[in-house]
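Take a look at the structure set out below.
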Amino acid sequence: MDWDQDRSSTELRKEKSRDAARSRRSQETEVLYQLAHTLPFARGVSAHLDKASIMRLTISYLRMHRLCAAGEWNQVRKEGEPLDACYLKALEGFVMVLTAEGDMAYLSENVSKHLGLSQLELIGHSIFDFIHPCDQEELQDALTPRPSLSKKKSEAATGRHFSLRMKSTLTSRGRALNLKAATWKVLHCSGHMRAYKPPAQTSPAGSPRSEPPLQCLVLICEAIPHPASLEPPLGRGAFLSRHSLDMKFTYCDERIAEVAGYSPDDLIGCSAYEYIHALDSDAVSRSIHTLLSKGQAVTGQYRFLARTGGYLWTQTQATVVSGGRGPQSESIICVHFLISRVEENGVVLSLEQTEQHTRRPPQLGTSSKKGIPGNSLDPPAPRILAFLHPPALSEASLAADPRRFCSPDLRRLMAPILDGPPTAATPSTPQAARRPQSPLPADLPDQLAVGLENAHRLSTARKNKTMETDLDIAQDPDTPDLEMLAPYISMDDDFQLNSSEQLPKVHRRPPRTARRPRARSFHGLSPPIPEATLLPRWGSDPRLNCSSPSKGDPPTAPLTPRTRKRALAQSSEDKGLELLETKPPKRSPRLEPGSVLLPPLSLSFLLQGRQLPGNQPDPRAPLVDSHEPLGLAPSLLSLYQHEETIQSRNHFLPAAGLAQTH
């Protein structure tokens, strides 16, 4: 019995709860229905709104009501017929009012013609949900109030001009798509940042209550038309042009001759910045930067220079058009709208407005000097004419010293002709008499080929003579070979163990009549390979054996007891290469800066030695012991005066020797 009573009470409570929720929902629906009918929309539109849309539109309506009541909106004249219907027809865009947070408080009805989205779908939403992510920072900067930069004027700048990319569901044919398939459309927005102070209200206690001012951004958004959608007759106040990405003219309409005085051929290849007033170049540059980043842009009013002087106020709509794949196929199509006629006619503001200024580089004519071999070294044509025909100079001054008026390349080329062949100067012959008379500039082109031929002949004769001298020296059997000399080792970084006061005098080599052979790559030709008898290999030359000295070697003096000569074993070429484990003996430390190179000695002369009696060479023994000093032949020691002691193989002396030296 008790259980039935508890069950009935629980069901009664649930039934009451359901009835209360049903009544609450019905009341909420009735209130929202009343709100929907109070909104300034048609009944057919408001009847299909959901609860969230009704709340969103109601909040936006309350914001606009406060805004209209706070500002100058309520001061509408009652006289005359209303012009609200004509405003939207006159505008090429739609009106949008944004709050400081970025919510769209109001949009005009014609927004659907430009974006494809209805007015009810956008009002109350945040604009950041419908613009490109890269443009959000720019819009946030436009919504931020800017302080005044002038001390005299306390009012801050309220004007705003920027471009936005908003979502559009319209296709090129005018059909509407789903919001998920929307594309980006560039809108040029211009307007002002307004701050309206609401009217003062009194509190129930009787004290006045103030509210913060209402800030909003009122914009007129205009869609930039694509050049393909324009009708061909643009009218007399507009002309079309095509540019490369660096704003150089590639095409221009013929109507520019009527409005500005230029012919299309004068503009092709020139930059558009050359025909813009200098004070407007910064604003146009910012518009071009917007064009390259967003694809479309509209410039402000700027001054386009006229041909005969003065300027025209112009506004340009630019679009980046791609003709194929890659950035090289892209071009910029500009539609220029003239706002005024030519102002300040006759005032020259740029070089492009002068008759003397040539906009294109002059084309060089074909000259008849193609057969002259020296033309490839000459500078461009204006520089050549300046050297051949200098202004305000007589022919006598040119003939006196023609080298003064020649370019460096021409002077180097004609040096054999102007200077003449090197001859022995006599005391009775003056210098001016030995120099040949230079031809006049007028006769120079005709005699240039002959002079070049003589110069070539002279240089060839000198080269052959030098090569014959070098070959004779190289074939001389008494001349030492450079490849067989000991390598030069600089002693600049070694320590000077001897004091400067005890330095002996350097033995100077007697002057030689025959020159040393040049390097093999000096003339581009290698000297002939000497005979095998002149280039003995290591261990294969019989003259290297101490038991049988060669006939041409100089006699050696008796050795001192402190020195011992190392004998070279006579073996085959392979054994000589394997047994050789030492370097040629080094010379004494550098004495003076003048004594740099050793005298040219052959390898057999440097390594000549005599075997001590009672010692037989061991073929398997190393040639030189690293712990024993390397002795030099007396013939080599005789090259250095006051140097009779034998130097150790190492560069540094022991401590005892160092103490004795000092």
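Numbering starts at 1 and runs along the chain as displayed.
Every residue, even glycine, has its Cβ placed from backbone N, Cα and C.
The region 'Disordered' annotation in Swiss-Prot covers 1-25 (among others).
Sequence annotations record features per position, and here Swiss-Prot assigns region 'Nuclear localization signal' to 75-98 based on similarity to another entry. Each residue in the region 'Nuclear localization signal' (75-98) has a pLDDT score, and their mean in this model is 73.
According to Swiss-Prot, the domain 'PAS 2' annotation covers 225-295, on the basis of sequence analysis.
If you look up Swiss-Prot, you'll see 228-272 marked as region 'Nuclear export signal'.
Sequence annotations record features per position, and here Swiss-Prot assigns region 'Disordered' to 352-379 (among others).
Per Swiss-Prot, motif 'LRRLL' is recorded for 410-413.
Taken from Swiss-Prot, the feature region 'Disordered' applies to 417-445 (among others).
Annotated compositional bias 'Low complexity' per Swiss-Prot: 421-433, in sequence order.
Per Swiss-Prot, the feature region 'ODD' maps to 448-581.
Here Swiss-Prot flags 450-501 as region 'NTAD'.
According to Swiss-Prot, the region 'Disordered' annotation covers 459-480 (among others).
Feature annotation from Swiss-Prot assigns ubiquitin cross-link to K463 (among others).
The compositional bias 'Acidic residues' annotation in Swiss-Prot covers 469-480.
Look at Swiss-Prot and you will find 485-492 tagged as motif 'LAPYISMD'.
Annotation comment: Swiss-Prot describes 500-595 (among others) as region 'Disordered'.
Taken from Swiss-Prot, the feature compositional bias 'Basic residues' applies to 505-521.
When the region 'Disordered' (1-25) is classified with DSSP, helix, strand and coil residues number 24 helix, 0 strand, 1 coil. Note: the domain 'PAS 2' (225-295) comprises 32 helix, 13 strand, 26 coil (DSSP; helix = H, G, I, strand = E, B). Across the motif 'LRRLL' (410-413), DSSP classifies residues as 4 helix, 0 strand, 0 coil.
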